[in-house]
Amino acid sequence: MDKSWMKITNRRSREYLDGVQQFLNFASNHAHLDGTISCPCKNCVHTNSWPIDVVKAHLVSKGICRGYNPWIFNGESSSAKTSTEIPNSHVQENPIEYADLRDMLHDMFPIQDMASGPMEEVPSVHQPTEGPSEGPNEDALLFMKLLEDANQPCYEGCKHFSKLSAIVHLYHIKCLNGWTNKSFTILLEFLLDFLPSNAKLPKDCYEAKKIIKDLGLSYEKIHACPKDCILYWKGNANLEACPNCNLSRWKSNESKGQQSTNASSKRRKKKVAKILRWFPLKPRLKRLFMSPETANHMKWHANGRVNDGLMRHPADSEAWKSFDSKYIEFSSEPRNVRLGLAADGFNPYGNMSTSHSTWPVILIPYNLPPWMCMKRSNFMLSLLIPGPTSPGNDIDVYLQPLVEELKELWDVGVETFDVSSKKSFQMHAALLWTINDFPAYGDISGWSTKGSLACPSCNYDSQSRWLRYGRKFSYIGHRRFLDSDHKFRKKKKSFDGHVDMRSAPITVSGGEIMLQTDAIADHVFGKKKVNLTNKRKRGEEALTMWKKISIFFTLPYWEDHVLRHNLDVIHIEKNVVDNIIGTLLNLDGKTKDNLKARQDLKDMGIRSGLHLEKVGNDQTRMPHACYHMNASEKDGFLQVLKNVRVPDGYSSNISRCIKLKERKISGMKSHDNHILMQQLFPIAIRGSLPPEVSRSLIDLSCFFREICSKVLNVEELGALEKRVAVTLCELERIFPPSFFTVMVHLVIHLASEAKVAGPVHYRWMYPIERYLSRLKSYVHNKTYPEGSIAEGYIAEECLTFCSRYFKSVETAFNRPVRNVEESMGAVVSITLDSNSWIQAHRYVLFNCEEITPFRDIHIAEIKVGFPFHVTDDVIQKQHIEEFCSWFREYVMSMDASKRNELSDKVRWFARYPDNEAKRFKRYVINGLKFRTKDFETTRKTQNSGVYVITEGGATYYGVLIDIIELNYSDKYRYVLFKCQWADVISGRGCKKDDFGFPLVNFSRLIHTGDRLIDEPYVLATQASQVFYVEDVRHKDWMVVVKTKPREVFDVGIEAVDDDEEVDTYMENVPYNVTTDDACDDANDNHAWARVDEEGTIYDTPLISEDELLEQDFIDDEELGDDVYEFNDDESNDDESSDDDSSDFNA
């Protein structure tokens, strides 16, 4: 069978389309029972099965995955492999040809390639050539040198590797597996001894790097002032000292406090005090159009996107469309690049006792489709800002080279060769927005994220209140975000004692920001000496919240953006979780309800039932609030979390963070908080708090789940905006003002930003933090961490580009997915008992469309056989019991001519399957890993949960107890799951609680599976995955949590059911939560305190008024205390997830 069409890059050509049809014709003969086939496109890579027409659309729009030969997932055998035998890797063991690297050189040097003629005729770079005396240019010389290496065998007689391909492949293996330079040198030394003496391999890692460097891109070093005042760049390039602070450009040669005076010391080479590493953007953008794959995908936002009103990509957002409408000339060329910028600091040493902060600036090309856009392989490191201290507000100094380049790319552009069209064009680029955590948001934007006006979205219309005893600002006042006629607006007692009829703040435009920052146009950068006496009286606000005019406003288009800086959902969610958990569990240093918070309530004149009471001379009694959990309630809450077992790859093991003895939760990273808030916290909190408190917290969890969806609807986001305002107001009625830090307040703006900019997983820090972890892994020389990172990055950048051309080896682009389709581990042959044999065969028959006409005939015969009217249940029971034997007799009784008219499948099904079957302990299907219940008893994960949705819409929940493969004489094979099914028919084994959570009870089953008429089996292709959360407070009942496979992207090609989850794991489950009426007391009364408990006695005396007066001064550095909490190093979050995942998927 001719498969040459699979290598054709032009997917619109007749040869490619004919090849696709040839594949579909073959695959359709081996389709699943439901008519679907495994999809081999570059996105699905056999993790999904779709109808024939959908697979065809995928293959035409995305292309077929490289190396898929033979077609083992679509029915083609491979060296006597059965349909269930899966190779260890889906990379085929085909001989490596020189053409891999030759194709790459074609694309890297298109002009030289066109001029050189046939590659085999290119002269050696060392041989004299005839021609003009000026000789070839540098690119031509490099091209000829690389071409010579690409044509020269690795050693005499080697047919599989050239000199260049051998070095590239070896170095690629080094980077892919994280080998050290020393280990790689040892390998090279061994290979030189092992291979023939004429082998063309470098002798060590250093020489290999020099060869690899010719294939990659370089970076530039720019000296910087140690105090971040200036760069020694352009007009300052020749200065010896900083004109602002007079510090020398060079490190001092002093040793142990004494200056060396000998001659050798004077001749010693000077060492630079601080070095910025700049990775020029233009050549990296040009490389996106060098590879045929990325060149085509760079136009996806214009040619491959579905416009159906839903937001799946930034290109669907108002921000993107608004920019296009203002700059029509830019948007008219779909190959012009839209970029996002992310910056954050991390400790390159991985040792938190060593203080060091390195700041990479990363660019994200948004032209790419969803399955490529947020992958690590497509991120571009633009700047590496050195430590040991954070640049802070002076980061603009270091952004100058990048911003200058962005200006050139906007005004002039750069000539770029597009390999997909074989033509050059003038490429332009624009920066859409920045992505940062909240402290970095202030450094990038220039707005001070501390103090009374810390919210950049509210701007000067921020609402906060200084808590005199807590000594911090509280961001209450969310009633102004409600509808003007909402009941909460006129309620005093439940809130801060006042009616609130104010309107919500209006988002400021770029032009308004320019007016606000006029007064600070002459800001001087650099670290100033801290004035410890710089304190002002409380109430004396700073003249402006702007610390500077952001350097990005020098871009011609920046002020026209609808959204310039993104609020990071991940860190906002983390801080909200910290506030909630710390307060509910009353954790020392984390709770927002303490003696000072209660004194602030009295100072504000609200919630008298929670005011402190003096006991004796030196003791104070603090009444327990409605959200207080006693010891048994805490134990129940924590026990639920401790017992949670999630599917493999779902998250890290959160139970390790639960400390039952201490009754606390600690050690969670950002992704742990993400899973806890959106999935597990709502389940655990049920039964530990009063319903009105639980309902509000669950609704907040629902909000985060919906805002993190991969597909957003603008109308639904409008409703979500209103709902979150009500939720925050409900929380204001429950928790003290000290709970509402600025991070809690920022939740109110997340839905608004999503309406403008689209799905949050293109705009949050989670993939960036995982990328920082990768950069940290480059640090092998602790003395020069930034240098190690820069060298490691350009090596991997080069190999990332090269690996796009490796068809026959495992790379970052074709390595197997986490859950390889149809992998099953150990296989055991068994003999099925008669009941299981009939049950499994019957289920296959009942789920085959070609058998449906025979079922109708059988049911009609049953009805005729009854002389009186009987119920459908009686007919169905007899049909189930007798159909298998009746069907066999019916087909076999046909005459030969009629039987030959039947399809092969019908004839083979009539003969019954073999009594011998295969048994598996685990099986992967549709990207989901399933394991039997017995197999995972000693494991920390749970992969035995199954649910199936029938054609009538009923959902069945089960536990997987066996996996078998039914074999119809080697003609057809079907994998079936045998499950214990909770009784959802009578309702005894399934129900919903007051909050809408589905609960199941496996002590109440539909059937035991022992009777012939029982139906314990389902086809593996029909199964979806759930996991069950045990709640010790409700014996035998478990909460159902649905999951979906990672790396699934809805791009609108196929219809999505309204009830289907779209996100990998985080899509919303429809909790039955009501907000407006659930806690809307008509009489404005609320049970603030628990009447069933006495409260807690403290020996601490209260703060007096005189002590308050002494503290009534504000230090500008103090404003950030207890406002938001960030780990100094978050780059190791979710260590169990795949390297390139968003899903977080995510």
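The backbone N, Cα and C atoms fix where each Cβ goes, glycine too.
Note: TrEMBL annotation is automatic and uncurated.
What TrEMBL says about this one:
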- 3-76: domain 'Transposase-associated' (DOMAIN)
- 707-819: domain 'DUF4218' (DOMAIN)
- 964-1040: domain 'DUF4216' (DOMAIN)
- 1115-1146: region 'Disordered' (REGION)
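With pairs at least 6 apart in sequence, the domain 'DUF4216' (964-1040) and the domain 'DUF4218' (707-819) have fewer than 3 Cβ pairs within the 8 Å limit; the two do not touch.
The DSSP breakdown of the domain 'DUF4216' (964-1040) into helical (H, G, I), extended (E, B) and coil residues amounts to 3 helix, 38 strand, 36 coil. Computed over the domain 'DUF4218' (707-819), the whole-number mean pLDDT of the model equals 88. With helix defined as DSSP H, G or I and strand as E or B, the domain 'Transposase-associated' (3-76) counts 33 helix, 6 strand, 35 coil. Shown for the domain 'DUF4218' (707-819): DSSP residue counts in helix, strand and coil, namely 74 helix, 2 strand, 37 coil.
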